[in-house]
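Trainee: Have a look at this one.
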Amino acid sequence: MNCDYIWRKRMQLNSNNLYKLSLFLYIVFLPISISIRQAGIILLTLVFVYDCFKNKAYYVLFKWTENKFLLIFLCYLLFNSLFVSMDSRTSLDVLFNAIWQCFLVYYILSSITISKKVDKNYILLLLMISVTIQGIDGIYQFVTGYDFIKHLKPFGDRLTASLDTPRVGNFVSLSLPAFFAYYFRNNDTFESWKAKLLLFVAFLPPLFLLIFSKTRSGWVGFFVFLSIFSFYNVRKLFLPVFSILVLILFFFKKIILNRLNFNIILNDPRFELWTIALKLFKLKPIFGHGVATFCNAFNYYHLYPTKTSRHIQHPHNIYVQFLSETGIIGLLLFFTFIFGRLFNLLKTFLKTKSILLWIYVAWICSYLATAFSAHNFFRTWWLGTFMIVFAITSPEDETSSF
């Protein structure tokens, strides 16, 4: 009996270590190597399947209502790809990659964090390490003219780090709140000024990359996060947050104001793409034209963009993307699981007044703000990052106050 107990505990310990290894491969290498992050997903899935057979790890998969809504959303996307899409092969290919590289990761992360097989602190730490590596690589690229990891040149005057796109700013914007969550989850660890200084020093490289990637949608997302975060306690937090924003604007005024130039924004091709997407929505308002068919659809109806390529795959706005590709049903189902999570967070927050829950609300809102002018919802590195965030932001046992 004792031997059997010891054996089961040892196997549980081994599976937990394998979870940690697979998450390390997936999260740290998410912006660096497609093959390594995919290897992490495969290992994560295999360990979870083993856990399901041995320990019934699946029993918490649908603990949160929004997990059920997300499953309904995915079922609709599958239906849309099979029976609605004007190009089912493309739709199914894009959806399949999104499911196994992003949504599957969310469900597994959701399960293993709720069941305490992996602590959220570990996931936050990996996200911080990943974005700090990108930040350091971005500084190296700024100084030498190419990044250290892949020897990539900047995109014009915009840094890309190893992600090979200035959209790395969206990855940074979505990852930086991990520093705030980690700090408030581990108040005791950061009582000494040395620990606080170390965290601050790690925070600076990705902040530098966010600024010099010149990704406006990333700036907006992080600004929204800081703004909502400061409203948790205006008396204590507003002045520090406002001071940080003023300092950033003071030191990087030229870069920021050039990117926020009104005439440049007014002539941005996104507005034309949004108009095209809305015209496509009006043609098929209920079900849309199919997942990942924006390009196919506007070419089919001769609604060609004049300010950008006729081969552009998405309208740089996930909301009009959903409307044009999945119709009003797709957009409403997306909002259902997103706002389901926000509702649960706010409901629990009103009971506990936990600053962590407020950080989680701000974090999800930052993604929604960035998504208004960012890129393709189904882009695996961006959707994958958000699924990590969505797993972290479940309101389980988050009771810290400030």
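Note: Cβ is positioned from N, Cα and C throughout, glycine not excepted.
Summarising the annotation, TrEMBL assigns transmembrane segment to 23-49, 69-86, 98-115, 122-143, 168-185, 197-213, 219-252, 318-343, 355-378. Annotation comment: TrEMBL describes 202-335 as domain 'O-antigen ligase-related'.
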Trainee: Under an 8 Å Cβ to Cβ limit, what residues of the same chain, 6 or more beyond the ends of the transmembrane segment (318-343), are close to it?
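Mentor: Same-chain residues near the transmembrane segment (318-343) but 6 or more away: 64-67, 69-70, 72-73, 76-77, 80, 274, 276-278, 280-281, 284-294, 297, 361, 364-365, 368, 371-372, 374, 376-377, 390, 393-394.
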Trainee: Can the transmembrane segment (219-252) be said to touch the transmembrane segment (168-185) if we require at least 3 CB pairs below 8 Å and skip pairs under 6 apart in sequence?
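Mentor: Yes, the stretches contact each other.
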Trainee: For the transmembrane segment (23-49) and the transmembrane segment (98-115), decide whether they are in contact, meaning at least 3 CB pairs lie under 8 A, counting pairs 6 or more apart in sequence.
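Mentor: Yes, the transmembrane segment (23-49) contacts the transmembrane segment (98-115).
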Trainee: What residues elsewhere in the chain lie close to the transmembrane segment (197-213), defined as a C-beta under 8 angstroms and at least 6 residues from its ends?
Mentor: 128, 131-132, 134-139, 142, 158-161, 166-169, 172-173, 175-176, 179, 182-183, 190, 219, 222, 248, 252, 255-256
Trainee: Sequence-remote contacts (6 or more beyond its ends) of the transmembrane segment (168-185), Cβ cut-off under 8 Å?
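Mentor: For the transmembrane segment (168-185), the sequence-distant neighbours (Cβ-Cβ under 8 Å, at least 6 residues beyond its ends) are 30-31, 120-121, 124-125, 127-128, 130-131, 134-135, 138, 159-161, 199, 202-203, 206-207, 209-210, 213-215, 217-219, 221-222, 225, 229, 355-356, 359-360, 362-363, 366-367, 370, 374-375, 381-382, 385-386, 389, 392, 400, 402.
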